[in-house]
Structures are given as structure tokens and as C-alpha cells.
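What TrEMBL records for 1-17 is signal peptide. According to TrEMBL, the feature region 'Disordered' maps to 63-98, 206-229. Annotation source TrEMBL lists compositional bias 'Pro residues' at 65-74, 81-98. Annotated domain 'OmpA-like' per TrEMBL: 123-239, in sequence order. The annotation compositional bias 'Basic and acidic residues' is assigned in TrEMBL to 207-229.
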Amino acid sequence: MNKLNKVALLFATAALAACGSMGTGKVDNGNTGSSVGAWKNGTSELCWRNGFFTPGSGVQGCDGVPPPPAPAPAPVAAAPAPAPAPAPAPAPAPAPAPAPAVVPVPVPAPAPVPAPAAPAAPVSEKVTFAADAFFDTGKFVLKPDAASKLDDLVSKVKDINLEVIIAVGHTDSDGSDAYNQKLGVNRAEAVKKYLVSKGVEQNRVYTEGKGEKQPVADNGTKEGKAKNRRVEIEVVGTRTIKK
């Protein structure tokens, strides 16, 4: 078969193919293929075309028409939103402010009680006077010089709380015991009488006669006898100590 006949045959075949397509209602897009798609060359790089091909009838995957886009992936179910964090517990209400401490009103300390006055210190003083200075020998009448000595004693008594004055008359050994005893008492009474006349309370003055019973020296000598003839006056009382 010559070349001309081959071309005629090719067109005839194409015409028959077109009629067959029209009979079935299939539109020819210009690509040669089967019911499953366009025919491609051995390397699947090119598609066969027929006389009806136009650029607008290209097949996806051939003729520069891009293949259909890949189907969109099925939407992935979104992970459930995390449960909201629990609301923080409300802060505890602040503790009420403590009530102000009640400060006790200081009670003034009581005034210190003054210390009791020290008890009056007891005093006792014994004064001895020579009888010869107070009396003549064998007598119990006070001499004038005795008055000044007793006045000094009275002034001292006024400085104390007087309790008692004791006047005791003594003699030497001349004469009988009874005489000397009586003489000693009379001399003590003479002293009391004078003190009372100067303001000393009578019931505060006591008298006593010892005669020759309590000598303080040797009656064998003149000097000793003079010492034994005496009047002892003891003053007892208390004196307040001034601070």
C-alpha cells in the first residue's frame, strides 16, 4: 500500500472512530485511548492524540493539564479542648483584727506607810553624890551646895520620858546599925523632897536606906569612911531618838 492509501486509511479509521463515539454519546477530546484513560507512550510521558484534539480538551495528566489535586485530607477531629482549670479557691477571709488589748489603768501604789518610830531607847543613869557635900555629919538637912547639884539633875530629867528616880542613902560604920539605917532613909527622903519641889512627880521618886550595909571602901580609914557616906540617885527612863 502506497503512502497515499495509508493516509486515506488513517482518516477513514478516525472518521469511523468519531462516528462510533457519537453513536455512544461520548465526546472525543482529541486523545486516543481506552475506556480507562488516554493511551500513553512506552514511558508514560506522552499521550496519543487524534484529529479532534484542541488545547482546551486536554486530559489531566496529559497535554500539560495538571493532575487533579489530591483530595483534601479528611478533617481530623479536633482534640477536645482541655477542661478549664478549676477556678482557684477563694482566698480565706482575713482573720478579724484582734481586739485591742485592754491595758489596765495602773493603780497608783499606796503611799508607803512610814516606818514606825523606833522605840525610845531606854536610858538609865546613876549619879552618886558624896553625903558630906549634901549633909553635915550626922544630919539629913541638905546643905546649900546640894541644891545646885540637884538642880542640874532635874534639868537632865526633863530631856527623857521619866519612869522612876531611886534615891538610896548610905552611911559609914560609926554608930549602931539601927541608927545608920534610919539616917540613910532620912537622907534619901530629903533628896526626894527637894526633887518634888522642883516639879518631879512624887510617885516617880522612890527612897531607900541601906545604912552601913553596902560600903564601897574600907571603913577603917578616914578616907574610906568618907566614900561610904553617900547618896546614890538612879534615874530610869526612855529617850526618843531623833532622825
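Every residue, even glycine, has its Cβ placed from backbone N, Cα and C.
DSSP states for the compositional bias 'Basic and acidic residues' (207-229), grouped as helix (H, G, I), strand (E, B) and coil, give 7 helix, 5 strand, 11 coil. Averaged across the domain 'OmpA-like' (123-239), pLDDT in this predicted model comes to 88. Counted with DSSP, the region 'Disordered' (63-98) comes out as 0 helix, 0 strand, 36 coil. Per-class residue totals from DSSP over the domain 'OmpA-like' (123-239), listed helix then strand then coil: 49 helix, 35 strand, 33 coil.
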